[in-house]
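Comments concern the structure below.
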Amino acid sequence: MLTETVNERETTKTETSQKHILPSSTGKMVWILGSILLACVIFAACTGALSISVSELWRIVAFKLGWISETQVEEQKSIVFWIIRLPRVCLAVLIGAGLGIAGASLQGLFRNPIADATLIGVTSGASLFAVFVIMLNVKYFGMLNELAGAYSISFVAFVGAACTTLLVYQLSKLAGDGGVTTLLLCGIAINAFVGAMTGLMTYLADDAQLRSITFWNLGSLGGANWTSVMAVGPFVAVSIFFMPYLSKALNLLVLGESQAASLGVNMKSLKQKVIILATMGVGASVAVAGTIGFVGLVVPHIIRTLFGPNHRTLIIGSAFSGAIVLTLADTLSRTIVAPSELPIGILTAMLGTPFFIYILWEQKRKRL
């Protein structure tokens, strides 16, 4: 018991001794990032081909809530806000939060600063199943088409993400002791195979199918509506609610698997919970919006630099920061080439790649 207490104190001391810019208090962080997120949401809701001022936005919302009797705002602007802008902004917030929290937790699980959901097959599995549906055409899936309608691809993509992640996890138990390193290697192998299958199907696709596959893989929030928000919301909410409870175990995991296990961490249970919660958030996000890269990779590093490495702060902060980043990225993607729209996956990759190179450079500098 004394050894456990000493070790936990040493772990906490090591974490808090690392440099960070802003206060590491979770409460203060939530206020800071929450205020920034609110400002970003207002900015995104007002920005677009049809400009809406902040005062007009306030009157639209106040009228809807019954606080004022008339808006004195054009009906067109009210329709654009409630039917087009707000669902899209809400979807960006949810998806960004899901990607951010998954990236932070998986980096903690793998003890790898360049880990994200792609390592456990979530993104590649969703892509493969989505391409499969596009290739065979939804009309061949009678019952699925009747139940899911326009969301058939999203439904199948989520199933693909879950199945591929389950395959990676089960294979890691068969191939070795089920440790984090084995899980990582199995994820790389399955990703390579799934990527090859996706490439083969893409090669066999006709022009119309190829266009659909390419657009889906580039990622977009262009099809956002309240139905897609309701579809993603519960999965991301579960991930956000339960993941912070795993922060203490992830903090102890910094010492290594054997040390964490000796301090009472159930490694098998921890891996299962982190993978399931990460898959729920990312799988639902990818299923609705397609492949959006680098958010789960970049966001945890920003929070780690600003608020410190404690996983409770890191996980909650990554949810807020992911929502902020994706909201701003989506706003930029729909305005930078207006009236056309730049796929958000392209934008996040362009912005995330230099940051990824910086992370690698920092890791090398620390080893020297």
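Glycine is treated like the rest: Cβ placed from N, Cα and C.
For 1-20, the entry in TrEMBL reads region 'Disordered'. Residues annotated as compositional bias 'Basic and acidic residues' in TrEMBL: 1-18. The transmembrane segment annotation in TrEMBL covers 29-58, 79-102, 114-136, 148-169, 181-205, 226-246, 274-302, 314-336, 342-361.
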Residue list, the transmembrane segment (181-205) vs rest of chain: Cβ under 8 Å, 6 or more residues beyond ends.
110, 112, 115, 118-121, 124-125, 127-128, 131-132, 134-135, 164, 167-169, 171-172, 175, 213, 271
Among 79-102, 226-246, 314-336, 342-361, the most Cβ pairs under 8 Å with the transmembrane segment (148-169) come from 226-246
Stretch contact, the transmembrane segment (274-302) with the transmembrane segment (29-58), Cβ-Cβ under 8 Å, 3+ pairs:
no
Within this structure, do the transmembrane segment (314-336) and the transmembrane segment (29-58) have 3 or more Cβ pairs under 8 angstroms, counting pairs 6 or more apart in sequence?
yes
